Structure formats: structure tokens, C-alpha cells
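Feature annotations, courtesy of TrEMBL:
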type	residues	note
DOMAIN	7-253	domain 'Nodulin-like'
DOMAIN	326-542	domain 'NFD4 C-terminal'
SIGNAL	1-19	signal peptide
TRANSMEM	66-88	transmembrane segment
TRANSMEM	100-125	transmembrane segment
TRANSMEM	137-159	transmembrane segment
TRANSMEM	165-187	transmembrane segment
TRANSMEM	208-227	transmembrane segment
TRANSMEM	233-256	transmembrane segment
TRANSMEM	339-357	transmembrane segment
TRANSMEM	409-431	transmembrane segment
TRANSMEM	437-458	transmembrane segment
TRANSMEM	470-489	transmembrane segment
TRANSMEM	518-537	transmembrane segment
Amino acid sequence: MVGESRKWVILLASIWVQAFTGTNFDFSSYSSELKSVLDITQLQLNYLSVASDMGKAFGWCSGVSLMYFPLWVVMFMAAFMGLFGYGFQWLVIHRLITLPYVVVFFLCLIAGCSICWFNTICYVLCIRHFPANRSLALSLSISFNGVSAALYTLIANAINTNDDTVYLLLNAIVPVLISGLVLIPILNQPQPQPHSVDTIQRDTSVFLCLNILALVTGLYLLFLYSFSYTMAIARVILIGAIFLLVLLLFLPGIVYSREWSFFTVPTSFSFYYSRFTRADPNDDELYKEFISIEDSVRNRSAQSTREKKCCIMNVLEREQFSMLGEEHSAKLLVRKWDFWLYYIAYFCGGTIGLVYSNNLGQISQSLGHYSQTSSLVTLYSTCSFFGRLLAASPDFLSRKIHIARTGWFGAALVLTPIAFILLAISGSGAALHIGTALIGLSSGFVFSAAVSITSELFGPNSVGVNHNILITNIPLGSCLYGLLAALVYDSNAMKPRPANQLHEMSMCMGRKCYLQTFIWWSCISMIGLVSSFFLFIRTKQAYDNFEKNNNRNNVAPE
């Protein structure tokens, strides 16, 4: 029982780390100040944003470090990288020191690395201590990364409502403090223990309660952050948010203390642990045997119609997945059609939403809503949080609604082109808020669901390496999409300017600054949607086979 309680403390530690280390979300809050101090163009500012995202390309370094150092050492390495990267930027923006642009670029890169390293630590903690419910643990933990901007906005307003540069100081200091706070539970991690079916069911019920409390936390931040216009009010709201985060620690104990004969989940809303759970190790062999039988039947039935299929269908069915959970090495991964469909869907979906959030400062300024930048950043962050929470819905609804997780992934991407089309049509404040909310929901779902999809399609033991290969699309997309936005912005800003001022800080006002960008981004996001549809078609059979196997085991006599 002690081990059971300690694993929930580990989950809370992971949640707190995620909640206070999503420092990339508030870039838009201070980007205009940084642009002014450095006296750079929008294109040069975009490169600083790209540098932060490039840190994800070095995510594999955190996995390698965990092979040689204890987890707590790697955590503090991440914390001090952030302290170094953001701390020196704060000194620069306050003109306490002067650094060349190249050095500031390097500082942004170091700060971006720290975020990715923190994420890897949380992935390891969730997978290690919740092997049977890892998708639920991952989605819950990752979702709290989306409230970082809201929490940092409250802390910043509680300190000084008129100084946007305080975000940089908070980005440097808060992760170090949080690392110190969670050090004790991480040093005293319980040994992983085998789980019975009853334990897995009980844990799933606890996760349901935790997700409900997380939803309450998100709604609290969404509806009350706009009232934090004075330091006193911001402090009161911040205390309430901290209380809700602490309450997460006590909720599992409250659930465990109730007799399950009294506290039960209705049969109509039953769920069988997780979509990717096997409580019995022998299920692996049963699953493989079941798949082999299914494959032989399917191959015989398909033989007679194979010649009638069109070339596109033949390509779609080439090397299709027949089962989930097979381990893929990095070399095998990059040879899979499905990986590249997955890569393109993420590249043209979730990543483009992240680039949009990085440009929110300039977008709101150009549309005449600069005073609402902080609220827009918080709106994106909070909606991203809700999107990440929704990524757990396949696990809770799997009994009533069976849709492959890749299908949910594709459905989430529908919101992105709709949002960009809306932004291209109207430059009003309402359109800006609605578009930002839709993009936040979509990208948040993608970020959270992607970890579980990578684990299911390419193997849970290889998820650390394989997922870091997948997210190399983020710095690539940040560079390409940000470059497109910056070129359009600067071309409109420089039109009336004399030639001798082209290299000075540029500012563009009006819808023209981002109109072409929104049109291009909507077209690109449609490509991601199409790619996700093909991925769903190619993986649907594997998810169906897994579903049939689970149903077969559930009805089998004991």
C-alpha cells in the first residue's frame, strides 16, 4: 500500500514539473520587448524562436544522459540550462549586459533544450510507475504543460502587472525551485510492482477523478485569469490555482479510502483499464496467435480481389500494421511508410500551431490588439491544456466508442485549417480569440496523443528514442513556417521605408501583415489532415485487432 501511495506522489511530481516548465508558451509575452532591445527585424526575431524549438532536436541527449546519470541529476541539469539561458536574456533585456545576436541565439537554444529534458524526465516517470495505464498517466501529466502560460501570467501579475520582462526572470528561477520541491519524492521512488486486474481498474478510476479535477483547474484558470489586472487579485487567484494543484496529491488517497462497493463506476461507463494495457503477460502470446489467425483469414479473403484494387489502395495497404506494440529500432522506424505519414501529420498540424503561438505577440500587435497579448497567450495555453486532457478520451470511452487513436488524432487536426481560414477572413478581436482557442485545442491534443501513438505503433520500450526522432519536425517546422511569416511581415513593414533603414527594427500594422501567412498555413494544415487520414486507414486494422483481442479475453471463462 505504501508503494501504491508513493507512485501517486511521483505522478504529482511529474504534473508539477510539467505545469511550471512549459516556458516556451510565454515567448510572445516578451518577444516585442526583446525585439526592441536587440533592434532586430521580425525575421531575426523568428530565428530566436526557432532556436528555442531547436532544443527539441537535441532531446535524445536527455535519454542518453539518463543511461549514465541518476534521474534527479538530469533534472537539475535541465533546470540550470534554463537558469543560464533565460537568466542572461533577462540581463540583456534590462540592458544590464550587452550580448551579440549570435550569443542570444545560443541562449535561446539552451533554454529550449531544458524544456525537452524536463519532458523526457516526466515521460520516464509515468512509463516506469504506470506501465498498465501509461497512456492515461502521460496524457494527464503532459496536459499540465498547457497551463504554464496561465500560471506564469498570474505570477507575473502578482509581482508587477506592468513589466512583461518579468516572464524571463520567472522562466529562469521557477523551474529550479520546482526541481528542488520534487527532489525528495524522486529520490525515494518506489520499485515498480506487478499489478493485478483489480489494481489496474482502481487506478483507472483514480485517473478519471484526477482528470475531472484537472478539468476544474483548467476552467478556473480560463475564467479567472482575465480578472488578474491588479496584484492583489492576481495573488488571490494564484493561491487558488496552487491549492488545486496540491489537491491532486490528496485525491488518490480519498479515492483509495472509500470502499469500492460504495464508490463504483456505473457499468454503462465501464472501461477496460487502458486501450493499450495487458495485465497478464501471457496476453502477448494470445494476442500474437489471434493476429496470425486473423491475418491468414484476411489474406485468403483478399486474394481474390487484390487484382481489382486501384494503385492507391495497394500503396495504402503496403506493409500495413497487423498488431500494436512491436518494437521498432530507429533504423526500422525511418523505413516505415506509417512513420512518415505520422511525421507529416504532426509537422503540418501540431507544429504549425506551436509556431502560431510563438508569433502571437506580433499578430496581436499588427491587428491592433497588443494590450491583449498576455490574455491571448493564456487562452492558447489553457485551450492547449484542454486539448491535452481530451487526448485521454479514447481510453475512457473505448467501451462505448471504438475509434483508433490515430482517428482521434486526425479529428483533432480538423480544427487547425478552420481556425486559419477564420483568421484570414476577419481581423477582429473575436476572430482572433476564437482562432487562438481552436488552434490551442488542436495542437494540445496532438502533443499529448502523440506520445501514446508512438508507444503503440512503434513499441513502448523504444518510445524515448522514437518520439525524439518524431519531434525533430518541430524545429524544422518552426524554421520554415516562422520564416514564411517573417518574410511576409517584413515585406509589408518595409514597403514605405527608405533603403538605408531596411536593417533597422521593422513594425507592420494591419491585416496585410499576416493575411498571406494565414492562407498558406491553412493550406499546409490541410496537408497534415490528409496525411492523418491515410495514417488512420493504414493503422485501423491493427487497432481493431487489438480491440477484438481485448474483447475475446474479457469474455473468456476464468
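Numbers here mean position along the shown chain, with the first residue as 1.
Cβ atoms are placed via backbone N, Cα and C, with glycine included.
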Given pairs 6 or more apart, does the transmembrane segment (339-357) have at least three Cβ pairs under 8 Å with the transmembrane segment (100-125)?
no
Could you give the residue numbers and ranges of same-chain residues that sit at least 6 residues beyond the transmembrane segment (437-458) on either side and whose C-beta is under 8 angstroms from one of its C-beta atoms?
123, 127, 134-135, 138-139, 142-143, 145-146, 275-276, 321, 324-328, 333, 336, 338-339, 342, 346, 349-350, 353-354, 356-357, 379-392, 405-406, 408-409, 412-416, 418-420, 422, 466-467, 470-471, 539, 542
So which residues does the transmembrane segment (137-159) touch in its own chain, when a touch means Cβ under 8 Å and the partner is 6 or more beyond its ends?
11, 14-16, 18-23, 25-26, 29, 119, 122-123, 125-127, 129-130, 166-167, 170-171, 174, 207, 210-211, 214, 217-218, 221-222, 225, 228-231, 234-235, 237-238, 241, 374, 377-378, 380-389, 391-392, 395, 440, 444, 447-449, 451-452
